[in-house]
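OK, Swiss-Prot features for this one:
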BINDING   164, 165, 244, 245, 246, 270, 294, 295, 296, 297  NAD(+) binding site
ACT_SITE  246  active site
ACT_SITE  275  active site
ACT_SITE  294  active site, proton donor
């Protein structure tokens, strides 16, 4: 644990993830006392609990901020997540205590769309599979069809969840790869339809006609196992399934079955039901899936921008400004 003191300690901020020193200094220059954990682990968890007893603000990600944690922070005025998703935060308790929860939308749209596009290409063209075989010394002459992949360009992509990330992904698919774009969403997005000739279709139509299914759904009880046996059975056997939204939206048992039985051709995952992925997961034994350790936003540039946004969000919230990036602003203002 690194404790950074300040002459004007009117408010105490606990940062529970490593952020750039310039951002720590920005908080200090605002008059805050800052305590930083890089990150929370079994060796410093008790120190963290002790620190939040006097905390007015929290900044971080990954670590679960549940009722137990919040009960140890009686003076808490704001929580600022270095993420877009907020399923690691007990929103019921935060709402009840009128504590604003800030997050960092928009800043990661491009990096998320890039990782999904990368997964589409890697799975379709068997890049990881071919790399593995080359390293095993299997390239001994002309290639047989087991090395061959599928085209990406001019195919149909079905985007499930047309939010900010979905819109940026649609742009890449349409403008970069001349793909036909369809999307499933509660409401229509006329801008996407106009710019990228995207079609708003029902779920069954998208599942049965798309070459690529790309999932960017948020995590909630409503979307838990949104994709299970029934959904995979409706897909083309040449379909490729990509998920970089939330792991809970996919029933991994059903996905494994679809991959093993040839119901779909392949898959690419950046998120999982349980993270880190269990070392004995059957997903690790399959050659027709590409697995990434939740790195959708893990670029140096995006991580810094997200951290900077989270710091700015916290400062704004502690100054009473909830107009931007506040998840529960409508509850707080009641």
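Positions of Cβ are set from backbone N, Cα and C atoms, glycine also.
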Taking the Cβ of each of the binding-site residues and counting other Cβ atoms inside 10 Å, which one has the highest number: 164, 246, 294?
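Compared across 164, 246, 294, the most Cβ atoms within 10 Å surround 246.
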So how far apart do the NAD(+) binders 164, 165, 244, 245, 246, 270, 294, 295, 296, 297 get, largest Cα to Cα in Å?
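The widest Cα-Cα gap among those binding residues is 19 Å.
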Among the recorded positions listed here (244, 275, 296), identify the one with the smallest other-Cβ count within 10 Å.
275
On the three-state reduction of DSSP, what should I expect for residue 164 (NAD(+) binding site)?
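DSSP call for residue 164 (NAD(+) binding site): helix.
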Please report the Cα separation of residue 275 (active site) and residue 164 (NAD(+) binding site) in Å, rounded to an integer.
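Checking the Cα atoms of residue 275 (active site) and residue 164 (NAD(+) binding site) gives a distance of 24 Å.
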